[in-house]
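J.: Take a look at what TrEMBL says about it:
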type	residues	note
TRANSMEM	A:36-60	transmembrane segment
TRANSMEM	A:81-100	transmembrane segment
TRANSMEM	A:106-124	transmembrane segment
TRANSMEM	A:131-154	transmembrane segment
TRANSMEM	A:160-183	transmembrane segment
TRANSMEM	A:204-227	transmembrane segment
TRANSMEM	A:247-270	transmembrane segment
TRANSMEM	A:291-315	transmembrane segment
TRANSMEM	A:335-354	transmembrane segment
């Protein structure tokens with residue numbers, strides 16, 4: 001029992017604990033910012049190898065995405081749906097469930113919202129119409145996760161497989177619906193009816209930023225607080241961390257599983273609704289931004305922390321908006337922003353490994 | 001790692017036929033647990049040496065050290081009388097110790113031949129014909145039928161085990177370790193394995209057969225060593241084993257496994273007399289088929305201030321009984337009354353609110369969440385309860401205050417209340433569980449193997465807590481596989497065997513013998 005002798009009883013060294021706390025937070029900072037710097041440097045080397053000037057690329061991306069008014073507003077607007085996806089993933093992952101079907105839930109919700117909201121526009125006032133759109137989005141998303149949720153809750157069938165399969169089905173079904181059932185009779189291009197600009201989510205102040213950003217921010221923060229501060233969140237985390245302990249503590253794991261799926265998929269559906277109601281106004285055939293699978297690495301980079309996710313989503317949003325401009329101007333492919341995210345993930349894994357090794361050495 | 005500094009007394013008197021492999025005073029510690037404590041065992045050629053013990057008795061650790069996976073902290077291993085360092089599994093093989101683990105170590109997608117060729121040099125094409133011939137020759141010698149070209153995935157578990165035994169022999173093993181070899185086999189295959197072991201020893205191989213099943217030990221063993229709580233508590237020599245009937249041998253083994261043969265008979269006086277109050281827990285005709293071992297017709301009553309021990313060999317329905325009482329496992333019939341109130345199908349939470357508490361023996365598996373802070377683990381069973389949550393919102397101040405009280409009252413050694421509980425030692429994790437289950441409105445506390453895997457100090461502290469709980473008027477159900485513990489603490493002791501209560505003994509003069517009789521009576525046939 002050597003470790004018992006060296007560990008002081010609790011409360012003995014409050015000062016030392018505070019000091020250790022500071023060190024710990026410094027280390028967390030190094031572990032989370034260090035990989036970012038490394039990823040940008042490696043990405044720069046990659047650009048160099050491709051024959052581009054990394055400084056002019058990064059400079060252009062930053063200039064376009066952050067310092068040009070229209071670009072910055074686009075960056076913020078894009079964050080709305082991404083943040084809702086992040087909230088959806090945080091709920092599921094913290095509860096130990098891999099809802100990887102966000103893309104299907106998002107797109108189906110988007111298609112149903114795009115198909116119904118223009119029709120009810122004349123009947124309902126604008127605000128009620130928007131509210132209806134958000135509700136439809138959340139409901140459709142949640143509905144599309146019902147099958148994986150029931151299979152997981154009752155039979156323990158791996159939700160990674162079922163949600164991914166339902167996602168493929170959902171994306172295909174969404175396309176079929178756009179091309180056949182929800183086709184706008186007024187145009188020749190295969191797309192749904194378009195929601196007039198004045199009937200979309202209101203813009204913030206005098207900018208072009210959609211209020212979808214506020215919905216996204218609110219969702220992430222609420223999810224974060226629910227997961228960390230409430231009894232419901234603790235139940236979900238308990239199921240996620242150790243399902244057998246949850247049974248031992250008397251929780252109904254199947255009921256919680258279904259609840260998690262419903263919340264997570266509803267948030268993914270809400271993301272689709274916000275994207276349609278705030279930005280696009282309609283869904284064109286074969287359109288699939290595949291936000292869900294791109295946000296998965298971001299929430300992991302943020303270690304499922306809501307506020308960290310906001311930072312990473314902002315970074316990613318800026319990278320894609322700037323990257324899309326840079327693609328047109330400099331010729332660097334627009335998917336290069338995904339390359340940066342991928343390098344970032346690898347760097348993060350490496351940092352975590354080094355950190356763990358460092359800690360083990362310190363313990364000896 | 002050093003060789004023992006002084007020659008052990010046993011090796012000076014060389015018995016006829018010196019041991020092939022011998023463990024000399026081996027001790028192995030893990031954080032919070034002494035897995036093996038000064039174990040000395042000699043393995044002789046031409047003998048099936050059975051290592052018998054319950055789960056957690058230290059069998060696996062011994063195998064790990066013999067097969068080079070782990071090194072002893074004290075003492076050493078001798079091969080052919082010379083102190084030898086078994087540093088790796090490869091080294092163990094090279095000195096002739098081959099191990100067949102409980103779970104198959106073969107690659108299912110490869111043929112038998114290719115599995116045998118796996119250890120060969122990577123730049124050479126394996127001599128498949130030669131290997132096939134060697135397999136047939138060795139198999140024939142042992143009376144086995146093995147198709148060298150068969151895919152391992154097409155073989156039954158018993159056949160896979162035969163293949164592994166062949167592989168160990170063909171790599172030159174003189175000492176063959178079979179770790180829980182019958183655990184995965186059908187009864188028919190187990191008998192075949194027993195016969196194979198007889199043929200192996202007939203060829204001069206030393207076989208170490210690890211099991212926790214008494215009937216197999218008696219049926220196939222030449223020599224039986226019994227491990228209990230990491231110590232070698234006794235050995236039955238071949239002469240004794242042959243001279244006695246199977247029933248007599250079984251009785252001897254049970255008394256060794258549970259310490260019913262231990263000399264100190266006057267344990268009864270160690271208990272202070274307590275006055276018992278009203279019946280708090282009343283179980284009648286309780287049955288459940290939900291677990292691995294079906295529980296049948298359980299009748300128990302426990303009064304306030306009373307400790308009811310439940311004795312039995314591990315895996316005879318103790319865990320199922322505890323889980324049905326706690327509400328974790330559904331009952332199929334019977335009644336459980338808590339202070340006169342029928343519990344029926346009440347949930348875990350309702351039973352807990354009614355005062356029924358359960359201290360599980362699977363501390364990290366289900367009792368706690370290793371990554372959660374100590375403070376949170378105190379509340380795992382009370383999520384959402386006042387005053388720690390108000391309208392579903394956490395109140396960190398209240399949670400911290402409770403955690404600090406528990407840490408102080410239960411003497412939990414932790415750097416802080418926010419430390420992940422998985423970083424604490426086994427003894428301190430147990431204290432976290434005790435704090436959670438013994439405070440508040442506890443009326444009945446069920447302890448499942450409360451001192452299992454703890455060191456001496458923590459065992460003493462835990463037993464003291466149990467007595468204190470009874471002194472404070474709580475009704476205690478103490479499930480244990482350690483008879484000394486039961487005799488030290490209990491007022492009455494029920495004996496459980498294959499899911500049934502075989503009888504209840506009032507603790508006192510002669511209780512040890514009475515329990516031993518109930519146990520071995522249940523084990524015949």
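Cβ atoms are placed via backbone N, Cα and C, with glycine included.
Help me picture these features in the structure, burial and contacts included.
T.: Nonlocal intrachain contacts for the transmembrane segment (A:106-124), taken as residues 6+ away from its ends with a CB within less than 8 angstroms of a stretch CB, comprise 81, 85, 130, 132-133, 136-138, 140-141, 144, 170-171, 173-174, 177-178, 181-182, 192-196, 199, 268-273, 275-277, 280-283, 288, 291-292.
Counting same-chain residues at least six beyond the ends of the transmembrane segment (A:131-154), those with a Cβ under 8 angstroms from any Cβ of the stretch are 97, 99, 101, 104-106, 108-110, 112-113, 116-117, 120, 124, 162-163, 166, 170, 215, 253-255, 257-258, 260-274, 276-277.
Long-range Cβ contacts of the transmembrane segment (A:247-270) within its own chain (Cβ-Cβ under 8 Å, at least 6 residues beyond either end) map to 84-85, 87-89, 91-92, 95, 97, 99, 101-102, 105-106, 108-109, 134, 137-146, 148-150, 152-154, 159, 215, 219, 223, 235-236, 238-239, 292.
Non-local neighbours of the transmembrane segment (A:335-354) in the same chain are 31-32, 34-36, 38-40, 42-43, 46-47, 294, 297-298, 300-301, 316, 319-320, 322-323, 326-327; each lies 6+ residues outside the stretch with a CB under 8 Å from one of its CB atoms.
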